[in-house]
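A.B. asks: Sharing a structure here in structure tokens format.
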Amino acid sequence: MLLHVWFLYLTVMVSAFDFFSPKRYRKGEKVELLLNKIESDHTQLPFRYNDLPFVCYDRSKKAKSMLLGEILRGDRFWESLYELEFKVDKPCLHLCQMRTTQNGAARADYLIRNGYVVHWNLDGLPGATTFTGANHVSRYYAAGFPLGFVKGDKSYLYNHVTLVIRYHTEKDGMSSIVGFEVYPKSVINEVCPGTSKNYKNFPIELPRDKNKKLIEQHTLIPYTYSVYWREDNSVSYQNRWDLYYDNDSSITSNHIHWLSLVNSLVLFCLVSLVVAITMFRLLKTDLQSGTSIPLTRSEIDGTNGNSGLWKNLVNVVMNKPPRTLLLCTLVSSGIQCLVALVGVVVILVLNSKLNFGSGTSSSAFFNLHQGAFFSCSIVLLLASGFVSAYLGVILFKIMSNEPPRTKYDTRRTFILSSLFAGTLPFTLLSVVLTLNLFVWAKESSNALPFGTIVVLILLFGIIELPLGILGGLLGNKFEFPLNSFMVTSYVPESKSVGKIASRRSFVMNPIISTLAFGLIPFGIAYVDLLFIFNSIWLEKTTFYYMYGFLLLTVMLLLVVVAESAIVVTYLSLAVYNNPNWQWLCFRVGFSIGWYVYAYTIYYFVSYLHMTDFVSVLIYFSYMALFSVALGVACGAISVVTSAVFIRSIYGMVKSD
């Protein structure tokens with residue numbers, strides 16, 4: 001069983017980095033069109049296309065096997081009745097005469113009025129609606145095509161599709177598919193419209209009685225299709241995804257991202273300047289004075305202001321903070337989030353070849369296999385459990401003010417490692433599986449199958465936890481150097497040394513410090529958040545691809561959070577003579593999470609038009625999860641940076 005699960009894990013890893021070579025075709029060779037799902041920008045409940053009661057289906061057709069990432073993405077690929085032969089045009093073919101009930105017709109009417117679009121797939125490309133650019137020359141694609149349209153007070157169903165498939169011919173005569181265009185039409189009968197405009201549309205009739213109840217009757221819906229193959233050697237297989245990225249809004253998006261990057265650099269320089277001034281005018285003067293610790297009252301009074309007081313906190317600065325285990329668990333989870341987040345962004349950037357605004361990432365495997373993003377995220381999340389447990393055990397020893405080179409017994413190490421590595425994935429699984437009950441009740445295709453749930457639990461229990469325990473065991477063996485401040489500064493925990501000031505300030509005030517220190521990090525991340533939110537929640541037919549900007553934003557964000565931690569730590573120690581820096585630093589780092597969640601509320605009110613309860617629940621639940629994950633990641637950076645900073649400044653002064 002264990003070997004089977006490890007094999008499953010390796011399969012997930014391989015699928016995450018699966019480079020697909022172009023599939024090439026000969027004339028007359030069969031090409032498979034896969035049905036997928038329908039979804040709308042107005043709701044978070046997609047449905048499997050094959051489950052719709054008013055479309056053609058054949059019980060002999062089977063579901064296609066999918067990778068874990070595709071399932072988590074909500075894809076549900078199914079064999080179709082459409083018969084396609086490479087380079088063989090078929091001007092008019094009859095698909096079926098679908099007989100549906102009034103409930104089926106009412107279902108079609110509801111979905112059309114709610115803006116649902118259909119997603120099909122051909123050779124890894126989503127069926128696309130074609131648009132012409134502002135110059136009336138260039139064209140671009142939007143994934144999916146509408147299920148129907150509304151005119152006046154009546155809805156009309158698209159029951160005919162013209163499929164235009166573009167191919168690129170290689171030197172050896174073989175060809176590869178580089179475009180999949182779908183032109184839907186609503187036709188009253190089985191006669192294919194072709195290029196004619198003289199045809200009537202197919203209306204959805206919903207007759208009702210005097211009590212406004214549907215009159216039970218059956219509706220016959222004729223489905224037809226046309227297939228045309230067009231050679232297009234201007235598009236190669238390597239850049240066939242460009243048309244999904246390059247559109248009229250991409251130029252504006254590029255300009256906005258560049259302006260945002262300049263704004264972020266200005267904020268970064270501002271914070272860096274504050275840190276530099278703090279270090280130069282205060283810390284450098286104190287360290288070069290050569291004063292030993294602890295200080296006497298006369299020595300303290302002789303220093304410049306209160307800056308020298310921090311030296312007198314040497315015996316309490318590493319005291320055990322309140323709720324140490326909770327703090328270390330949050331920091332460990334933050335480290336896990338950070339490793340997974342940065343890892344995914346770096347892989348996306350490498351995948352898109354340092355994309356800074358052009359959609360030239362088309363040959364990348366994340367496009368060839370859309371579920372690879374989720375597979376890669378799972379792999380990194382599982383692997384990061386090792387890092388979080390390793391650092392978590394070391395941090396817990398430091399925060400607990402344990403004697404130098406303490407070694408925990410195996411049982412305690414197992415418990416701590418499982419806690420530090422398992423809290424984040426357990427929380428994610430709990431939220432996802434709880435929401436899955438609501439999605440399943442709505443019969444949405446986003447509902448995870450039972451088999452997928454079992455796989456996720458097994459990955460967590462048999463892959464994640466063992467990796468975490470291994471990391472914890474190695475962390476338990478870690479030993480600080482004998483001359484390290486973490487070793488030489490150890491004293492039994494004491495409440496105070498001398499007289500410690502406890503002046504209140506904005507730094508110590510939870511509300512004010514959160515507002516003050518979370519604003520600049522949020523300002524750096526704001527623009528990228530807007531575009532990512534649009535791609536996920538508002539414009540599902542578009543793709544976010546500016547990963548180069550995203551990587552720079554993440555790096556600037558982490559550096560600014562680290563610099564803010566240094567500032568707030570020094571203010572706490574030197575200005576306000578308060579040694580309780582641990583929770584203060586975590587709160588300051590976490591503050592961006594509050595800003596992000598406040599922004600999600602604003603985004604929901606201003607941009608989204610969700611009305612059903614489940615969609616609203618999904619949105620706010622996942623946004624809360626994202627905000628907390630980002631907050632604990634930045635909080636972890638803040639705490640770790642402050643610990644390193646304290647080790648550095650106290651390690652450079654003399655001890656009696």
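We count from 1, first residue shown onward.
Just so you know, glycine gets a Cβ as well, placed from its N, Cα and C.
TrEMBL lists these features:
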- 1-16: signal peptide (SIGNAL)
- 258-283: transmembrane segment (TRANSMEM)
- 325-350: transmembrane segment (TRANSMEM)
- 370-393: transmembrane segment (TRANSMEM)
- 414-441: transmembrane segment (TRANSMEM)
- 447-474: transmembrane segment (TRANSMEM)
- 511-538: transmembrane segment (TRANSMEM)
- 544-572: transmembrane segment (TRANSMEM)
- 584-605: transmembrane segment (TRANSMEM)
- 617-646: transmembrane segment (TRANSMEM)
A.B. asks: Determine which residues of the chain contact the transmembrane segment (511-538) at the Cβ level, with the cut-off under 8 Å and only residues 6 or more beyond its ends counted.
C.D. replies: 41, 44, 253, 256-257, 260, 263-264, 267-268, 270-271, 544, 546, 549-550, 553, 556-557, 560-561, 564, 568, 584, 587-588, 591-596, 599-600, 603, 607-608, 619, 634
A.B. asks: With CB pairs under 8 Å as the measure, which of the listed stretches 258-283, 414-441, 447-474, 544-572 comes out on top against the transmembrane segment (370-393)?
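C.D. replies: It is 447-474, which has the most Cβ pairs under 8 Å.
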A.B. asks: Would you say the transmembrane segment (258-283) and the transmembrane segment (325-350) are touching, if the rule is that at least three C-beta pairs must lie under 8 angstroms and be 6 or more residues apart?
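C.D. replies: They do not touch: fewer than three Cβ pairs between the two stretches lie under 8 Å.
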A.B. asks: Short question: which residues 6 or more past the ends of the transmembrane segment (617-646) have a Cβ under 8 Å from it?
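C.D. replies: Contacts of the transmembrane segment (617-646) (Cβ under 8 Å, skipping residues fewer than 6 from its ends): 44, 317-318, 327, 330-335, 337-338, 341, 391, 395, 398, 424, 427-428, 431, 435, 438-439, 485, 521, 537, 557-558, 561-562, 564-566, 568-570, 573, 581-582, 585-594, 596-597, 600, 604, 608, 610.
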A.B. asks: Using a Cβ cut-off under 8 Å, which residues of the same chain at least 6 positions beyond either end of the transmembrane segment (414-441) come close to it?
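C.D. replies: Answer is 45, 325, 328-329, 332-333, 336-337, 381-382, 385-386, 388-389, 392-393, 396, 408, 447-448, 453, 456-457, 460, 464-465, 467-469, 471-473, 475, 614, 617-618, 621-622, 625, 629.
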